[in-house]
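Enquirer: Starting off with a structure, shown below.
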Amino acid sequence: GGNVLALNTWGAEAGPHMQALHFSFAVGAFVAPILAKMALGGSEFKDLPAAEKTNQSVPRSVPTVSAVSALKRHLGADFLWSYVVIGTYLLLVSFFFLILYSKGSSARDKSKASLQKCMFAKYHYVLITLLFIFFFCYVGAEVTYGSYIFTYAKVFAEMKENEAAALNSVFWGAFAACRGVAIFCAACLYPGTMILLSIVGSALSSSCLAFLARYPASLWVGTAVYGASMATIFPSGISWIEQYTVVQGKSASLFVIGAALGEMCGFHHVPVVMYTALVTSAMTVVLFPLMYQVANSPGESDLKSTSESEDRKALLSNSGFNEDEE
């Protein structure tokens, strides 16, 4: 919904606004674990009874039922306020949207929107399907890597827990920072250029991670570059396809469904995380040129433009608007 709203509001100039929308998501993904850790506050160990802290017959990683109950009560109170704060924030945002909606579109605005948004590409459904697969691969790789890099670093790279956590933060921090920079880059770069830079960066970094991850320096650099490379693909992809065909609610929903399926189908076996990143990067490298070729194939633009012009004149004459007024 937010993607379509941004496209309908700013049209051809939606690039920076689309990047800003997804930048807010990236900031939330980066900040949420930090806030959760602050809410936990190390309570897992503090709330255990003293006898359990010293009793060698009971492993500390498996607390008793009474300790778990006490921990649940304590954390429940902390997280209750977290949900209250988040719910209040969402209610405030919804209130502003309600004000905008109440002052919103008249019949004339809807007529203008329909006039501006009636051009479909000849291969509209092919483009939608290809971008669906593209987002399936991209989000699957993003979520798989972001979810399992901590475990990979601890188990296979033999990092300490704080180092593995820092590596995870590097990925999401680079992801969020690059989305913030992309807000300004989108004002001077075409969406296709940003996608091309992103898939080249993800291909190079995933290759480095797949074959050189045993070296700590390669793991750190590769993770940072991979996170930065993945940042702009989703918003740029939606802005890119809007240049060639109409993106309506159903189309945008299909993109999100593809992304959600990518999250569900991500590989959950830690040893193949790096190879998953490499394979999905290779898939995006193949898919984007294919989409570009389809989008720029000879279509029926002249015929549709003529039809659009005739419909436009008929609608204006029937509605009483002239060219100057519109």
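In case you wondered, yes, glycine gets a Cβ from its N, Cα and C as well.
These came from TrEMBL, pasted as-is:
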type	residues	note
COMPBIAS	301-314	compositional bias 'Basic and acidic residues'
COMPBIAS	316-326	compositional bias 'Polar residues'
REGION	298-326	region 'Disordered'
TRANSMEM	20-40	transmembrane segment
TRANSMEM	80-102	transmembrane segment
TRANSMEM	123-150	transmembrane segment
TRANSMEM	195-213	transmembrane segment
TRANSMEM	219-240	transmembrane segment
TRANSMEM	275-295	transmembrane segment
Enquirer: Hey, which of 80-102, 123-150, 195-213, 275-295 has the most Cβ-Cβ pairs under 8 Å against the transmembrane segment (219-240)?
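Expert: Most contacts with the transmembrane segment (219-240): 195-213.
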Enquirer: Taking 80-102, 195-213, 275-295 as candidates, which has the most Cβ pairs under 8 Å with the transmembrane segment (123-150)?
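Expert: Result: 275-295.
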